[in-house]
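> Sharing a structure, written as structure tokens. Questions coming.
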Amino acid sequence: MKTLYSLRRYYHVETPFNSSIAGRDIESTGFAWWSGNARLINVSGKLLGAHVAHAGLMVFWAGAMVLFEVSHFVPEKPTYEQGFILIQHLATLGYGIGPGGEITSTVPYFAVGVIHLISSAVLGFGGIYHSLLGPDTLEESFPFFGYDWRDKNKMTTILGIHLCLLGVGSFLLVIKAMYLGGVYDTWAPGGGDVRLITTPTLNPIVIFGYVFRSPFGGDGWVVSVNNMEDIIGGHIWVGLLCIIGGIWHIFTKPFAWARRAFVWSGEAYLSYSLAAISLMGFTAALYSWYNNTAYPSELYGPTGPEASQSQAFTFLVRDQRLGANVSSAQGPTGLGKYLMRSPSGEIIFGGETMRFWDLRAPWVEPLRGPNGLDINKIKNDIQPWQERRAAEYMTHAPLGSLNSVGGVATEINSVNYVSPRSWLCCSHFFLAFFFLIGHWWHSGRARAAAAGFEKGINRANEPVLSMRPID
């Protein structure tokens, strides 16, 4: 291949460990070093090394970050007040957590962190081996692991294997929830507890009803799930569908319409993957912000509506003890100050929190009757744990506003408190958005290449290539 630049210009930038290794330079790949794994499109062994090393980095982060959180854990404070995002995920699996969402032991978290660190070392070694010492391509030495991007049957077989692995992962959660100690259920009586999910929902009308719901208003799409039976039942269905679909793709060849409809190249597969990850990222952002079943508020802090309703409830409890008649007191607008009716006639909390009248949360549900909040329960059956939890949630809204939002004063929170819901929602949203941009970019390039026209910028026309070296 014709040299497009002065080699001397780049000597200080890159000194290859072994210049004979494939995928190292622009002459052998057509891509410069900053193009990353594009250099490895046609060297499957080196691409395997890159992916294994990347997996090692991810596992290392998980292990190191869990140990970091464990080392900073303060038992007297809730996890959502300590800037954690990983301990909560382990706690929801039933590890180290007791009634009311109290962290009872950090030993399981320490063990998980160490296991991840050890695993990352193994993956890291595998990544280095395949990047530097292993065969450049797998097709000759290990035909089962080798592939050609244009081999449609092989590509769908690889897809099938991935689907089967995802299905197995889904069933691991099901097994943990049903047989291996259970999972944390925020809806358990008395404020949440670890329990076995003995009767998961298997009714397809219920499970797939979430998928076909509207994402707007009170419908909430899949994010509206509000009980552990549906969550575990959903994982059973997902696991079954993934494994059945995986077996299908392993043992069949793509139909003619699929061969015509899709672009079959490495960059096309990358774009498909980026689109899938983007969708998962957006879904995770919505879940972490709105859902208080998969993301229990005892661990992640209240949702925005939950904090607002908590404040209304806290002031209702206070003023009722001071002698206020909470069922008839009027606010400055003439509407109910503490209680009022929703558009559908339910009794709801009054004041600015009325906008969140359809909130469902474990601490308030015991106070409801057949027509919204039960006046008799409000006056005679409020439990201390409900008061404590509402008072705590009231001051920990996941809001960064400098003024009142939904009736919740947030100026203090904007200074010294950031909810894990804010972190998780914003990070997943922005990452998902940029993954979507990546999907558009790579899908456009893949389609252009398949159509036979421009593949990137012609480097031969870059002015810098005709300039003399700096030194």
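Glycine residues also receive a Cβ, built from the backbone N, Cα and C atoms like all the rest.
According to Swiss-Prot, the protein carries these features:
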- GLU365: [CaMn4O5] cluster binding site (BINDING)
- THR15: phosphothreonine (MOD_RES)
- THR15: N-acetylthreonine (MOD_RES)
- 67-91: transmembrane segment (TRANSMEM)
- 132-153: transmembrane segment (TRANSMEM)
- 176-198: transmembrane segment (TRANSMEM)
- 253-273: transmembrane segment (TRANSMEM)
- 289-310: transmembrane segment (TRANSMEM)
- 445-469: transmembrane segment (TRANSMEM)
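Buried or exposed, and what's around them? Tell me for each listed feature.
Its Cβ placed at the centre, GLU365 ([CaMn4O5] cluster binding site) has 12 other Cβ atoms within 10 Å.
Nonlocal intrachain contacts for the transmembrane segment (67-91), taken as residues 6+ away from its ends with a CB within less than 8 angstroms of a stretch CB, comprise 97, 101, 103, 106, 108-110, 112-114, 117, 184, 295-296, 298-301, 392, 396, 417-421, 423-424.
Cβ atoms under 8 Å from those of the transmembrane segment (132-153) belong to residues 17-18, 21-23, 41-46, 48-49, 253-254, 259, 264-266, 269 of the same chain, restricted to positions at least 6 beyond its ends.
Sequence-distant contacts of the transmembrane segment (176-198) (same chain, at least 6 residues past either end, Cβ-Cβ under 8 Å): 91-94, 97-101, 226-229, 232, 292-293, 296-299, 362-363, 365, 385-386, 389.
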> Cβ under 8 Å, sequence separation of at least 6 from the ends of the transmembrane segment (253-273): give me the contacting residues as numbers and ranges.
41, 149-150, 152-153, 155-156, 438-439, 441-443, 445-447, 449-450
